[in-house]
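The Zn(2+) 1 binding site annotation in TrEMBL covers H88, D99, H197. Taken from TrEMBL, the feature Zn(2+) 2 binding site covers D99, E134, H396.
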Amino acid sequence: MTETLVTVPRELIADTIARVLARVNAITSGGPGWTRPSYSPLESAAHAVIEEEARALGCEIRRDAAGNMFATLPGQDRGATALHIGSHLDTVSQGGAYDGQAGVVGALAVIAALRAEGVTPATDVVLTVTRAEESVWFPVSYAGSRAGLGRLTPQEFDAKRSDTGRTLAEHMRDEGFDPDAVRSIEPPAPARFLEFHIEQGPVLDDAGEPYAIVDAVRGGLRYREAQVHGVWAHSGGAPRGARADAVVAMAELILAMDAVWARLLDAGHDLTVTFGKLDAASPQHAMAKVPGHAGFCLDLRSDDVAVLEEADAALKAEIARIEAARPGIRFELGAQSRSAPARLSETMAEFVATGARAQGDSPRRMLSGGGHDAAAFGAAGWDSVMVFIRNWNGSHCPEEAMDEADLARAVGAVFLGIVAERGR
């Protein structure tokens, strides 16, 4: 069989995407949006749906000690480096209908198309469904994929889930997996990994383009539980010069870091600076109080570790300046977490581009601002790439939007890339 004899089964791809997305998105703790916490019964139920669909396509199913699922369509050379395609099925709280699940369903649609057209790929094609990608639940980047790759630190097993206060190890056990086995897991040999994912910004929608090839992923430096300590006082009795107002100090830091961000951008660096979870000690705070405490989180992202370090140094310098200028104010940043920037595989990018050209497409190359499992696989030495799908309503929110036809178009490109690889 050669590339020219194969037709992309576009109707089957579209039907698979629509049907399986509906099945997965029926699994949620309730609205608004979709909620499937990491290492929860809801995440496990979504995995079970994909397992059932993959078995129906004749895939071989296995799970690793961390619960990541692998559904393999055998290739011609089973000893050759396999092509893994997949993503995750957990969501943030009240998240969207496509972040993660679109990537898993897109991978399933690739396998369905290969089966429908009778194409035996050159190598095994492995639908890969990871656990616990969303770090809002555990303060651990890519917990499931890194666990399966043997790259979790001993301390990360003790990370506590934000809604339960119980550890990652405990939640692994709850879902039937063995954290002790994960601690001693034998890392798999590096292979190839491809992840479909909605873009988490407006670039493709603004350009009117359905999909793109991602060749780099930003890293992150985060403070998840930072605090400002001031002095409580009466709002009517404390004069301006005598106050140690935690909210004012927090606001000053936010504006200072916005200026740092602008300076680094003007210097040609890549950076985003995001403050969130702002809390003025509720419910302790009240209308008639000068706030003596405030909490926040801070998320710094860049494609360059040196820029993250420079922004972090600037943060600490600004904190020292504010503390010196405002007696009674003290910042406490708390634990820092990181994810490394990742340069993805040019070989895999060209694999996608080959399939895209076969159907008349010329997708752009672009950077991913958000972290993804593809970065974890890339950091472990895999040839890794992402394919972004156009999205126009933001991400990590119920309004997340995607035209299923755009995902189907990207699936067609990967299908044709596999066909071209077989024909060489």
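Placed from the backbone N, Cα and C atoms, the Cβ positions cover glycine too.
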Pairwise CA distance, H396 (Zn(2+) 2 binding site) versus D99 (Zn(2+) 1 binding site), rounded so that it is a whole Å: 7
Position of peak Cβ density within 10 Å, selected from the binding-site residues H88, H197, H396: H88
Pairwise CA distance, D99 (Zn(2+) 1 binding site) versus E134 (Zn(2+) 2 binding site), rounded so that it is a whole Å: 10
Beyond the site residues H88, D99, H197: chain residues whose C-beta lies within 8 Å of the centroid, for Zn(2+) 1: S87, Y98, G100, Q101, A102, G103, E133, E195, I198, H372, D373
DSSP-derived class (H/G/I helix, E/B strand, else coil) of E134 (Zn(2+) 2 binding site): coil
Near-site residues: Zn(2+) 2, ref D99, E134, H396, CB cutoff 8 A to centroid: T91, V92, G95, G96, G100, V136, S395
Cα separation, E134 (Zn(2+) 2 binding site) to H197 (Zn(2+) 1 binding site) (Å, whole number): 13
Protein Cβ atoms within 10 Å of E134 (Zn(2+) 2 binding site), excluding its own: 23
Pairwise Cα distance for H88 (Zn(2+) 1 binding site)/E134 (Zn(2+) 2 binding site) [Å, integer]: 9
D99 (Zn(2+) 1 binding site) CB neighbourhood, other CB atoms within 10 A: 27
